[in-house]
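Here the structure comes first, spelled out in structure tokens, and everything after it is commentary.
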Amino acid sequence: MEEERENERAQNIRHTNGEATETEHKLVNGGTKEMEMEEKAVAGEEEAIINYRGWKAMPFIIGNETFEKLGAIGTLANLLIYLTTVFNLKSITAANVINIFNGTTNFSTLVGAFLCDTYFGRFKTLGFCTVASFLGLQVIQLTAAIKNLHPPDCGNNTTCVGPTAGQMAFLITGFGLLISGAAGVRPCNLAFGADQFNPGTESGKRGINSFFNWYFFTFTFAQMVALTLIVYVQSNVSWTVGLLIPAILMLISCAVFFMGSKIYVKVKAQGSPLTSVAQVIAVAIKKSRLPSPEQPWLSLHNYIPPKTINSKLSYTDQFRCLDKAAIVTAEDKKRPDGSSADPWRLCTLQQVEEVKCIIRVLPIWVAGVIYYLVIVQQQTYAVFQATQMDRRLGNTSFKIPAASYVVFLMLSLTIFIPIYDRLIVPFLQRITGKAGGITLLQRMGIGLFLGLLTMLVSAIVEERRRSIALTKPTLGVYPRRGEISSMSALWLIPQFTLAGLTEAFASISLIEFYYKQFPENMRSIAGSLYYCGMAGSSYLSSLLISIVHKNTKGAEGGNWLPENLNKGRLDYFYYLIAVLEFLALVYFLVCARWYKYKGTDVVSPEVDIEMKQHEQTHV
């Protein structure tokens, strides 16, 4: 009891059954006592306060995250091998199925973020989607457990019976449930965990930082376990047992999540921020014939809502056609407080600048789509490479599962991040004087360059693997593929290590870039934008595979991507990706030079002074 009273005095809170509106949540987080008193005086109502439980809620949230990731990754990590060995799909078909599934899963996060912000809130969205994920994993497990739900075993036959329409329909049903689950879990889980802390206090800020660290630790831990223990059970013991384990772990995740429902802070949905974006675009089109104002920073409608959670943005001179959405005409009416009577006829300068922030990010997002092609190849064709290499551990008969080699990507990422944070960043800070050592776009540029190196190394390793398989004694035949090269699969470690470094620079900087450059009320959408980039990469990879396979199948040099990699030229395909990465790097450098960071660029110092004087005369 004494601890609870002390917590109340520290945060000035009272229990309200964990319910809070988005506006109330943000106001408590960042508002001062003086601002709160003013709001109470204007509204004439007592402000509702949130009872933050902080770390008391973390065992349920982090426990849910851990089991959820173990369940999802435990199934998805080895899905490529499952489709080719149990469902008897060809490698091209299986790779395309995985790419389309991953793409749809990642694109669905945009829909999930919209529904969460507009209708359901994070708690209800996470609860529903976690259950959907469990059902999806259970359906996929049944395809392995019930003989009638998958094709007959192929054995060592060169031709195999493929799945029936009914079997594929049942499998796709499982995929659909997993997509529904990921749509809500991926964009909401980080934000829901951060909701449990009060960022208006120092302890709350430290709690949020610690939560992010624990989140990425559990994510990495789950990938390590999934890529080693669970994949081993699936590949060497039983697919039925190996897929049952993730389903059970996901069921535990559901139970742990709902056990903490009474103590969570549950932020209510307050409508989609995309409405504001649509208003700016619509009004700018309606007023497109109006002449551009000579001093837009002074003449445009510049109203700031008193309870907005978004930081105030200065006027920027990019995309000036959008400025017309904030031009005040004789037909536009305002309320007594200065706000627009009809936001579909008159927008604010703040709204316009927020839309500009989003548009400026999009060219960088396109570069991110090309960059992630590197990671997609390491998760698909690099696994096929491993199946036709010597996977024995030393002189023992134990073979490392082909999908487990991706763990070296995670190890590289996990080991490098603290080295970068503790050693490299302080060193760069002393040289550049910048808080992060280098800018976010500079970090991403390094990641793109490392991605180019990754594909070059991958091509060289594949060329050597194929040469050894064709010119030296082999280690047998992998069913339905071809001769196993005597080259050790450990030679795949360099390309996986480089891919991990690529992610350490590019992926992490992209997430932080979206988070910081989007308006504060659009951070759920910012998180989903990262996943949409991954989705674009998956679809693009599937398209490239189909085009290359179709155009090289009857060519004089032979098919680049056949079932038997020894008869193909996967190295040429890797070189093709490397060329795309080089073009993406050049494109990115042009975009980065043009880009203006949010809140740091105004037309001139004189304009800034004029804007402040203009604001003072209207106070």
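Cβ coordinates are placed from backbone N, Cα and C, and glycine is handled just like the others.
Straight from TrEMBL, the features:
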type	residues	note
REGION	1-24	region 'Disordered'
COMPBIAS	1-11	compositional bias 'Basic and acidic residues'
TRANSMEM	212-233	transmembrane segment
TRANSMEM	239-260	transmembrane segment
TRANSMEM	361-382	transmembrane segment
TRANSMEM	402-420	transmembrane segment
TRANSMEM	440-461	transmembrane segment
TRANSMEM	489-515	transmembrane segment
TRANSMEM	527-548	transmembrane segment
TRANSMEM	572-590	transmembrane segment
- Could you give the residue numbers and ranges of same-chain residues that sit at least 6 residues beyond the transmembrane segment (402-420) on either side and whose C-beta is under 8 angstroms from one of its C-beta atoms? 77-78, 80-81, 220, 223-224, 227-228, 231-232, 235, 375, 378-379, 382-384, 386-387, 391, 489, 492-493, 496-501, 503-504, 508
- Note on the structure: Lying 6 or more residues past either end of the transmembrane segment (489-515) yet within Cβ distance under 8 Å of it, the residues of that chain are 361, 364, 368, 371-372, 374-375, 378, 382, 385-386, 389-391, 400, 402, 405-406, 408-413, 416-417, 420, 440-441, 443-444, 446-448, 450-451, 453-454, 457-458, 461, 464-465, 523, 526-527, 529-530, 533
- Task: Flag the pair the transmembrane segment (440-461) / the transmembrane segment (361-382) as in contact if three or more Cβ pairs fall under 8 Å (sequence separation 6 or more).
- Result: yes
- Item | Top Cβ-contact partner of the transmembrane segment (527-548) among 212-233, 239-260, 361-382, 572-590 (pairs under 8 Å) | 361-382
